[in-house]
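Below is one structure; the comments refer to it alone.
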Amino acid sequence: MKRFLLFISILMMIGTIVVGKEGYAMDHEGCKFSCFIRPSGFCDGYCKTHLKASSGYCAWPACYCYGVPSNIKVWDYATNKCGK
């Protein structure tokens, strides 16, 4: 039973590492990258191109990205510097 739990724990860790993190794309000022007036599919392309993410979508009004590499910064409420 202990080995089974260890195995499951390792699989969960691998999934977290391989999938990457997720979050809102940021602009050069540290604000969420707006998709308010962008065409459909814009955020998916932006996330893949600029953040090297696996996918993205417009979580109105900002681009939200999935599978972002750990070395790429995404918007975070705790470290928000937008407009400051």
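Every residue gets a Cβ built from N, Cα and C, even glycine.
Swiss-Prot has this to say about the protein:
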SIGNAL    1-20  signal peptide
DOMAIN    21-83  domain 'LCN-type CS-alpha/beta'
DISULFID  Cys31-Cys82  disulfide bond
DISULFID  Cys35-Cys58  disulfide bond
DISULFID  Cys43-Cys63  disulfide bond
DISULFID  Cys47-Cys65  disulfide bond
MOD_RES   Cys82  cysteine amide
Set of same-chain residues at least 6 away whose C-beta sits under 8 angstroms from Cys63 (disulfide bond): Tyr24, Ala25, Lys32, Phe33, Ser34, Cys35, Phe42, Cys43, Tyr46, Cys47, Gly56, Tyr57
Same chain, 6+ residues apart, C-beta under 8 Å of the C-beta of Cys82 (disulfide bond), given in sequence order: Glu29, Gly30, Cys31, Lys32, Trp75
The domain 'LCN-type CS-alpha/beta' (21-83): DSSP-derived helix, strand, coil residue counts: 12 helix, 20 strand, 31 coil
Rounded mean pLDDT for the residues that make up the domain 'LCN-type CS-alpha/beta' (21-83): 96
Between Cys65 (disulfide bond) and Cys58 (disulfide bond): CA-CA distance (Å): 9
Cβ-Cβ distance under 8 Å to Cys65 (disulfide bond), same chain, at least six residues away: Glu22, Gly23, Tyr24, Ala25, Cys43, Cys47, Leu51, Ala53, Ser55, Gly56, Val74
